[in-house]
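The active site, proton donor annotation in TrEMBL covers Tyr192. Annotation source TrEMBL lists active site, proton acceptor at Lys263. Residues annotated as (S)-malate binding site in TrEMBL: Arg245, Asn500, Asn544. Feature annotation from TrEMBL assigns divalent metal cation binding site to Glu335, Asp336, Asp359. Feature annotation from TrEMBL assigns domain 'Malic enzyme N-terminal' to 169-350. Feature annotation from TrEMBL assigns domain 'Malic enzyme NAD-binding' to 360-613.
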Amino acid sequence: MISLHRSCFLNNSGISGSSSLFSYKLNKLPPASVKATALGPNSDTNASVLIENKAFKEITQDGTSAAANVDINLTVAGGDREVYYDDAATEDQLVTPWSVSVASGYSLLRDPHHNKGLAFTEKERDAHYLRGLLPPTVISQDLQVKKMMYSIRKYKVPLQKYMAMMDLQETNERLFYKLLIDNVEELLPVVYTPTVGEACQKYGSIFRRPQGVFISLKEKGKIHEVLRNWPQKDIQVIVVTDGERILGLGDLGCQGMGIPIGKLSLYTALGGVCPSACLPVTIDVGTNNEQLLNDEFYIGLRRRRATGLEYAELMDEFMTAVKQNYGEKVLIQFEDFANHNAFDLLAKYGTTHLVFNDDIQGTASVVLAGLVAALKVVGGTLADHRFLFLGAGEAGTGIAELTALEISKQTNMPLEEARKKISLVDSKGLIVKSRIDSLQHFKKPWAHDHEPIKKLVDAVNGTKPTVLIGTSGVGRTFTKEVVEAMAALNDKPIIFSLSNPTSQSECTAEEAYTWSKGRAIFASGSPFDPVEYEGRVFVPGQANNAYIFPGFGLGLIMSGAIRVHDDMLLAASEALAAQVTQENFDKGLIYPPFKNIRQISANIAANVAAKAYELGLATRQPRPKDLVKYAESCMYNPAYRSYR
């Protein structure tokens, strides 16, 4: 492959940007030699490209020659002397930062998309000018995986493991995904929660190289152009954050970029979306975090957060530019926006773009799947249960609404009646009718007729829930008194402690099992180790959004969906719950093990795609006969490819 970054055209006044003049993808030509000469701004002579191999001229586009593998001998001159040097005599001269990259030799070893390290075969080393650039041994990708796992396990600090994984992603992309897929249960907590939270907190000090697009207020009016700076053009999924509510850690501003990067790594590893089709984006409108504003290593804008019209105009320009650049079917996943923006953005763009909020909709779908699966242990239908939430933000109200929708769907009960089975507690206590005038709009559907209650334990005793769900972002709020109250009301209390990271979890797995005397059906947002209680080992389930969003996104992509519908979320929940086996239940699990996540994602994708076709929202026709097999066939395979 040969490409001129950013593709250029040359004229008497130097080099100017162009969109596609000098970009080729070639597979069948023998090595060739190219000498590219770019002339400086004071030259009267046009720059030229000299071709030294006849085979190089065999494939042309609008009269331009191309070749597969080429040696580049680049000489850049200006006037009477060559100017592209780093010496003192030329330091005040303007230069044009263009380069020709060739998938051969030294550059190939530094191209993360094509590098194979010591796995290059003898034939490939000869064909691609790698002799002498690598030690003589040739090893397999599997041995590389074994070696990397050995190295990563040597680190005792999770953040060091995270940094090692990010370095690998930037040097050998296929090995990174092979490693992650083959060791998903061990490495998921490294590349995502809980370690990604610490990575975001320290992102300024560990930042090495850009892995996504940063759009700040400085880029207002130029976002369309900024997106075109990203080298990949066929984007299918964008994960975007403004960094205001990163996990349970609050406003991390520009350093929230760790979340889109981590999410998209999982889109590829767990859902099989091609990494080149994924784009992480951070919208930097400032931060209200004083510690970051005073941190010399902070990488974002040093100003207070923009709000109101200034914020809305930037987001609107971004959403418009995304559709202009990547089309109607690009999936835009909102991630870790604060409540006051998250609901408004989802409502505003849900009818015009293919948008999905993982905190509202993804969390709701994965928790609903856990509830449906838990019914096989505790019995009854969803409509037979009563739900109490601690936390009435994006996650809490999202889960509550999707649960009410599922109850309504199963029973034909009006949605308003289904909502009455669900109560929410926020920072001011139980949400009740007498508070309705002071409530934010997304809390109002949950204001029921009930006397005001301040304390959570009193709300448990007052509403008598069978299910207790924590989405508060405040650690240790499910106290011994609260858990014991749930155990006194229910033979098998369902307790979901969902806040991330681990430090913010409402209670630990050990606390839930111990205080309920081993009777709790427990799941958490962050991973917990197995717990032994009175001779029995309980394996806590993890209500991780990674169960849902990779397969959900794949289902949207493979069907060519143009909008997200609530019924697609219900379809994803049902598909996940259906894959929990009796063996899983016997261990106390209400989610299937992550080691099967690619098969799980394929089934979720198939269910979501089927619903898209049923709703008339799919554009890829005709519909595949076997959607599960089609989903599997669409998945990215990280195994090394053989090079000619």
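Just so you know, the numbers here start at 1 and follow the chain as drawn.
Every residue, even glycine, has its Cβ placed from backbone N, Cα and C.
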Next item on the list: Out of the binding-site residues Glu335, Asp336, Asn544, give me the one sitting nearest to Tyr192 (active site, proton donor) by CA distance.
Entry: Asn544
Margin query: In whole Å, how far does the CA atom of Arg245 ((S)-malate binding site) lie from that of Asp336 (divalent metal cation binding site)?
Written below: 5
Notebook entry, point to check: So which one is it: of the binding-site residues Asn500, Asn544, which has the fewest other Cβ atoms within 10 Å?
Noted result: Asn500
Notebook entry, point to check: If you count Cβ atoms within 10 Å of each one, which of the recorded positions Arg245, Lys263 comes out on top?
Noted result: Lys263
Check: Does anything in the same chain, at least 6 positions from Asp336 (divalent metal cation binding site), have a Cβ under 8 Å from its Cβ, and if so what?
Finding: Thr241, Asp242, Gly243, Glu244, Arg245, Ile246, Leu247, Gly256, Ile259, Asp359
Note to self: Tell me the Cα distance separating Lys263 (active site, proton acceptor) from Asn544 ((S)-malate binding site), rounded to the nearest angstrom.
What the structure shows: 12
Note to self: Taking 8 Å from the centroid of the Cβ atoms of Glu335, Asp336, Asp359 as the cut-off, which other residues in that chain fall inside it around the divalent metal cation site?
What the structure shows: Thr241, Arg245, Ile246, Ile259, Phe334, Phe337, Ala342, Asn357, Asp358, Glu394
Checklist line | Among Arg245, Asn500, Asn544, the record's (S)-malate binders - longest CA distance, Å | finding: 18
Check: Could you state the CA-to-CA distance between Asn500 ((S)-malate binding site) and Glu335 (divalent metal cation binding site) to the nearest Å?
Finding: 14
Notebook entry, point to check: Including all protein chains displayed, how many Cβ atoms other than that of Asp359 (divalent metal cation binding site) lie within 10 Å of its Cβ?
Noted result: 25
Checklist line | Lys263 (active site, proton acceptor) versus Glu335 (divalent metal cation binding site) - Cα distance in angstrom | finding: 9
Notebook entry, point to check: If you average the pLDDT over the domain 'Malic enzyme NAD-binding' (360-613), what number do you get?
Noted result: 95
